[in-house]
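**Student:** For reference, Swiss-Prot lists these features for the protein:
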BINDING   160-291  3',5'-cyclic AMP 1 binding site
BINDING   292-405  3',5'-cyclic AMP 2 binding site
COMPBIAS  1-11  compositional bias 'Polar residues'
COMPBIAS  16-29  compositional bias 'Basic and acidic residues'
COMPBIAS  49-60  compositional bias 'Polar residues'
COMPBIAS  119-138  compositional bias 'Polar residues'
MOD_RES   Ser120  phosphoserine
Amino acid sequence: MSNYSHSSNNPFLKVSTKEDKPSSFHKIAEDEEYEVTSPTDATFRASKNADNSAGGNNPLESGRAGESGDGIRFGRDPFGNFQGGAEGQDESSIDPNGFRPTGGPDHGFPNNYALGRRTSVSAESLNPTSAGSDSWTPPSHPKSEEQLARLKTAVSNNFLFSHLDDEQSRTVLDALVEKPIPAKDIKVISQGDAGDYFYIVEEGHFDVYINPSGSVQPGPDGAGTKISTIGPGGSFGELALMYNAPRAATIVSTEPKSTLWALDRITFRRILMDSAFQRRRMYEAFLEEVPLLSSLKPYERAKIADALDTIKFPAGEYIIKEGDPGDAFYLLESGEAEAFMEGVEEPVKSYKRGDYFGELALLDDKPRAASVRAKTEVKVAKLGRDGFKRLLGPVENIMRRTEYSSRPSTAT
């Protein structure tokens with residue numbers, strides 16, 4: 001294996017060059033930057049010879065490229081707290097070459113580790129519960145009632161939290177850390193960097209930039225093209241944690257004062273991904289019991305499971321109403337429901353666990369032909385129009401063959 005490597009692709013190493021152009025973003029001094037991004041400090045053991053202050057060519061991290069004395073030190077955690085021995089290291093002990101092509105025991109890395117290459121994040125198991133027998137305890141950061149109220153408002157509409165039960169929600173809220181962003185044009189995460197934290201926006205707006213090269217480049221336009229803006233209640237940073245991949249975009253603050261809440265990688269995977277994994281397993285088991293879907297392959301049912309949303313209705317509440325446009329398909333998970341038609345006093349159909357309704361209004365693009373009301377408290381799995389069209393194609397003919405005389409609900 002060749003020892004040659006490109007330092008520009010390595011998120012842990014910075015090489016200063018005289019040709020680098022100044023950044024269009026504000027430089028943030030190390031002692032006051034409130035740095036919110038970090039390579040995974042715990043991934044590698046400490047090395048007394050590690051490069052800690054080489055100049056950066058990342059315009060969103062180091063400000064003006066080429067100022068090697070002001071580069072980011074990796075001895076701090078994502079919240080600006082010093083964690084290692086890098087800060088007090090004698091400048092004379094730092095390798096003037098700025099990088100080492102390969103690792104080795106002397107450098108604190110494996111012999112075959114190429115420092116010049118971009119590194120991937122160390123992956124946990126895809127099944128977050130696979131290590132559930134250990135003694136992991138979720139972090140807990142005390143919060144005032146006012147902070148909790150603000151935080152609950154911030155996460156109330158976030159899709160990643162919509163399926164958590166009360167205990168899981170409380171664990172996540174306790175683990176979140178408030179992160180004030182004190183100025184405009186502060187880089188929160190950089191494309192291509194390792195991902196350690198997931199962020200929720202409470203206050204302020206943040207622009208999203210993507211560079212086609214896959215990482216931030218030198219120069220005023222090194223962040224790439226702006227593709228969107230994230231506002232209060234939004235979130236970012238989950239993809240790198242979910243898929244153990246480098247950051248997919250650069251996020252920059254746009255207002256003089258903003259507030260984020262940060263959730264660390266381990267808690268994110270243990271709580272949010274564990275919830276998603278268990279939810280998929282639950283739905284897969286449920287879908288296997290639905291006669292309509294018995295002909296589907298396991299991977300097809302898994303796709304449906306990922307697309308379902310759980311909704312609860314109290315007894316007496318209408319799930320769908322006659323005459324309304326058809327926008328979703330429903331599977332009854334628990335409880336009992338009944339279908340009614342205008343002019344008919346008695347229910348025209350009863351439902352129990354495993355039954356479904358709402359399909360023909362989607363198949364034929366017609367209004368609902370009947371109303372469905374919860375007889376008891378019910379829990380339904382809802383599949384939206386797009387997911388229905390995309391995922392239930394293999395059983396469309398089965399649904400169309402069902403006779404209305406024996407199953408009037410198919411017209412709903």
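Just so it is clear, glycine is given a Cβ too, placed from its N, Cα and C backbone atoms.
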**Student:** What whole-number Å value do you get for the CA-CA distance of Ala194 (3',5'-cyclic AMP 1 binding site) and Glu322 (3',5'-cyclic AMP 2 binding site)?
**Tutor:** 51
**Student:** Out of Asn211, Ser228, Asn397, which of the binding-site residues has the smallest number of neighbouring Cβ atoms within 10 Å?
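**Tutor:** Asn397, out of the binding-site residues Asn211, Ser228, Asn397, has the fewest neighbouring Cβ atoms within 10 Å.
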**Student:** Find the one among the binding-site residues Glu322, Lys352, Pro367, Asn397 whose C-alpha lies closest to that of Arg279 (3',5'-cyclic AMP 1 binding site).
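**Tutor:** Checked the binding-site residues Glu322, Lys352, Pro367, Asn397; minimum Cα distance to Arg279 (3',5'-cyclic AMP 1 binding site) goes to Lys352.
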**Student:** Indicate whether Ala245 (3',5'-cyclic AMP 1 binding site) is helix, strand or coil by DSSP.
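**Tutor:** Looking at the DSSP assignment, Ala245 (3',5'-cyclic AMP 1 binding site) belongs to neither helix nor strand, so coil.
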**Student:** Measure the Cβ-based neighbour count of Ala262 (3',5'-cyclic AMP 1 binding site), defined as the other Cβ atoms within 10 Å of its Cβ.
**Tutor:** 20
**Student:** Just to verify: the residue among Arg279, Lys352, Lys382 with the fewest other Cβ atoms within 10 Å, which of the binding-site residues is it?
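**Tutor:** Selected from the binding-site residues Arg279, Lys352, Lys382 on minimum Cβ neighbours within 10 Å: Lys352.
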**Student:** If you count Cβ atoms within 10 Å of the Cβ of Pro367 (3',5'-cyclic AMP 2 binding site), leaving out that atom itself, what do you get?
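**Tutor:** Pro367 (3',5'-cyclic AMP 2 binding site): 14 neighbouring Cβ atoms within 10 Å.
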**Student:** Between Pro367 (3',5'-cyclic AMP 2 binding site) and Leu160 (3',5'-cyclic AMP 1 binding site), find the distance joining the two CA atoms and give it rounded to the nearest Å.
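**Tutor:** About 31 Å separate the Cα atoms of these two residues.
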